[in-house]
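Take a look at the structure set out below.
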Amino acid sequence: MANPEIDKNKKSCIIELHWLIGALVVVFFALFLSSTIFRTNNTTSISCHCAQGPAKYSEDVEKCCCDYETVNHLNKEVLHPVLQELVKTPFFRYFKGLCSINILGGLDVPVILNSHIGHSVSLNLSFSTLLDTSYVELMFLLATADSVPLLSYHVLRLQVKLWCDCPFWPDDGMCHLRDCSVCECPENEFPEPFKAQSHRRSSSNLVCLEENTEGAVDRTIDSKAFKGWVEVDNPWTNDDETDNAEMTYVNLQLNPERYTGYSGSSARRIWDAVYIENCPKYPSGEICPEKKILYKLISGLHSSISIHIAAEYLLDEASNTWGQNLTLMYDRVLQFPDRVDNLYFTFLFVLRVVTKAADYLDEASYDTGNPEDDLKTQSWVKQLVYNPKLKAACPLPFAEARLWKGQGEPDLMQQIQTHALMDCIGCEKCRLWGKLQVLGLGTALKILFSVNGQKRLGETLHLQRNEVIALINLLNRLSESLMLVHEMGPSLENVMGKQTSTPSDQPSMTGSF
Ligand SMILES: Cc1cc2nc3c(=O)[nH]c(=O)nc-3n(C[C@H](O)[C@H](O)[C@H](O)COP(=O)(O)OP(=O)(O)OC[C@H]3O[C@@H](n4cnc5c(N)ncnc54)[C@H](O)[C@@H]3O)c2cc1C
């Protein structure tokens with residue numbers, strides 16, 4: 001028989017349990033809501049918190065909305081494999097070398113204008129004149145030189161070629177190693193649409209600069225080959241795609257960025273000039289908040305170049321043994337958390353730009369005259385820019401609307417001069433990769449600032465073929481550097497932390513391959 005007292009207790013117990021469950025549900029729901037709101041705020045705020053990075057490099061990727069571990073994972077699983085395939089395609093493996101100003105000796109600057117203009121202007125422009133002169137003033141200087149009529153921006157397109165001289169100081173090429181050189185190779189491996197019928201060079205002109213270097217160059221171009229690519233001036237880089245027999249295509253796959261032996265005061269002077277250009281307070285050691293983003297981008301690129309040098313280092317010149325110089329990797333990059341951080345920053349910056357221009361890149365023409373290859377290229381591009389894993393893991397690597405807040409847009413003249421400084425690199429292969437990656441950064445900035453109000457990016461953005469090639473190859477270089485830092489960082493940290501520092505050029509820790 002039922003005991004009414006026990007039944008009553010049971011009932012009140014059940015009611016209390018219901019209340020408890022109800023309360024728990026409410027608390028859980030409230031917690032869920034607040035965490036969602038917190039996360040939403042984080043993706044739109046520049047101060048989003050990033051999770052722990054590798055060992056010592058546990059600071060946040062500044063101004064990011066994607067944590068280190070996510071970036072590492074995403075890079076390894078998704079981006080790196082796709083990028084590796086993409087840069088091998090004919091479209092992305094040929095880069096057209098260019099320079100901003102062609103100087104023929106000393107500090108006197110005979111500037112050769114476009115051949116169809118037919119004028120040759122001789123100016124005495126010193127290093128300081130070039131650095132101190134604003135772009136508009138420089139145009140005026142050119143315009144008033146000799147009796148040349150007023151020159152428009154188009155007239156200012158200068159005759160360019162890959163191995164032009166430095167506009168700022170006499171070239172003092174310090175590269176002694178064969179591997180500094182870029183090799184020119186036969187025409188037959190070059191995509192047909194890239195070749196200009198009117199400027200085809202005889203194969204006798206195609207000489208290898210060094211007998212056994214691994215590069216390939218063809219100087220012919222065809223400005224009409226890529227109908228989808230608009231040939232307009234690029235304000236960031238002074239690039240142009242006009243017919244010019246002096247321009248040179250290089251097969252990047254055959255000219256890897258690696259140790260070349262280029263060093264000393266020549267290399268140091270370039271880096272110093274680039275940093276001063278983008279951060280005037282650099283020599284004093286002061287940080288430069290108004291230029292901080294540009295500084296971080298340059299520093300990230302510098303880290304990446306150093307990582308590649310260390311990853312493919314000539315360990316023994318006599319036996320031509322190549323391998324990893326881990327001491328150098330640690331000494332130049334890994335021991336400096338800010339340099340590692342800047343590498344991640346630059347990678348995320350370029351990645352954000354690529355995803356931002358996704359529709360544009362997807363719709364672009366990748367014609368090299370080989371439909372099969374071109375379809376593959378198109379497909380890899382799609383896999384890169386619309387990758388669902390990328391979207392899920394890193395929906396907004398950057399809140400770029402706030403990135404430049406209070407800093408103004410980067411200065412056009414700085415971009416041009418940084419690019420021109422690449423012509424002062426006394427090593428052809430370093431110059432090639434220096435130019436490509438600075439062009440890639442310039443293209444990233446151009447894309448970032450092309451968005452105008454509610455307009456679609458495609459309506460305001462016009463990219464040249466070389467810019468897209470530079471952008472994707474830059475992203476690939478950064479992606480490779482991230483892989484190396486992620487793989488080597490923690491173990492190197494352990495070993496090097498215990499060792500006394502050894503000179504970086506003596507590979508005390510190596511891994512040959
Ligand atoms: C554009 C460019 C491309 C190059 N490409 C190659 C190449 O492909 N192969 C090759 O062998 N050499 C290349 N070099 C040379 C190479 O970068 C070094 O300059 C050279 O190896 C000498 O190194 P270093 O130890 O003197 O220091 P550097 O790398 O020359 O650095 C100079 C100074 O800059 C500061 N610094 C270094 N790294 C950073 C950073 N990430 N952020 C902020 N500050 C930093 C430090 O104070 C350092 O002392 C290139 C040079 C330039 C300018």
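Yeah, the Cβs are placed from backbone N, Cα and C, and that goes for glycine too.
Keep in mind that what you see is a predicted model, and the values were worked out from it rather than measured.
Candidates considered were Cys424, Cys430; the recorded disulfide partner of Cys427 in TrEMBL is Cys430. Max Cα-Cα distance over the annotated FAD binders (Arg258, Thr260, Trp271, Ser299, His302, Arg332) is 20 Å.
The two recorded residues, Arg258 (FAD binding site) and Cys427 (active site, nucleophile), have Cα atoms 12 Å apart.
The two recorded residues, Trp271 (FAD binding site) and Cys430 (active site), have Cα atoms 12 Å apart.
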